[in-house]
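J.: So TrEMBL says this about it:
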type: DOMAIN; residues: 2-116; note: domain 'Response regulatory'
type: MOD_RES; residues: Asp51; note: 4-aspartylphosphate
type: DOMAIN; residues: 124-220; note: domain 'OmpR/PhoB-type'
type: DNA_BIND; residues: 124-220; note: DNA-binding region
Amino acid sequence: MKILVVEDEPKLNKGLVEGLQNRGYAVDFAFDGEEGEQMARINDYDVIILDIMLPKRDGLQVCDHLRSIGNHTPILFLTARDSVEDKIIGLNLGADDYLVKPFSFEELVARIRTLLRRPRFSTGDIIKLDKLHLDTRSQELIVDGKLIRLTLHEYGVLEYFLRHLGEVVTREDLLTHVWDRFFDSFSNVVDVHVKNVRKKLPKVYAKRIQTVWGKGYRLV
């Protein structure tokens, strides 16, 4: 799961990024609304944490523009404003949740999990490939009615493959979506996790994760 944090306060930005990384999320960050909006437009995020009072472009403008161009990534507003009117404005522009500063990090994580459980795809909470069912709510993999246990990053790899069925997925794609953009790109961590996913899957599905030499992988 990949999250974008857009917060102009350096200490809070750093704290959020490090805290979420420690929870296993891949995290990108920006310090102003203009940069944050650009990143949200060119990257695929699962949740955007967006401060309202931002330089260059405020969070309300960012949210409004993203929704106007068809970007429906869940947005959680962070703000010092706690009036009902401000909350209504944010929610009417398309925000999914609203957290007033100061806030508990544990509450933020709980709200992120709630947003991640909301279906964004027509298939709802279950991604299916024949008899392979990946539950995005519980992060459980069921194949032929049997539970297969995955680590957090193994789940992330398989989910990304399933959401990009038939497409070539590069190692860089997996590093930035499942891990973090600052992860060592020369590491073999992606190959190791793909190998582990293949081992855990029945052969009929393991064979469908193809190696595309010089590029990455493709689930067919």
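Every residue, even glycine, has its Cβ placed from backbone N, Cα and C.
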J.: Looking only at the domain 'OmpR/PhoB-type' (124-220), how are its residues distributed among DSSP helix, strand and coil?
T.: 36 helix, 26 strand, 35 coil
J.: Which number gives the other C-beta atoms within 10 angstroms of the C-beta of the residue listed as '4-aspartylphosphate', all protein chains shown included?
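T.: Around the Cβ of the residue listed as '4-aspartylphosphate', 26 other Cβ atoms lie within 10 Å.
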J.: Could you give me three numbers for the domain 'Response regulatory' (2-116), the DSSP helix, strand and coil residue counts?
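T.: Breakdown, helix to coil: 54 helix, 24 strand, 37 coil.
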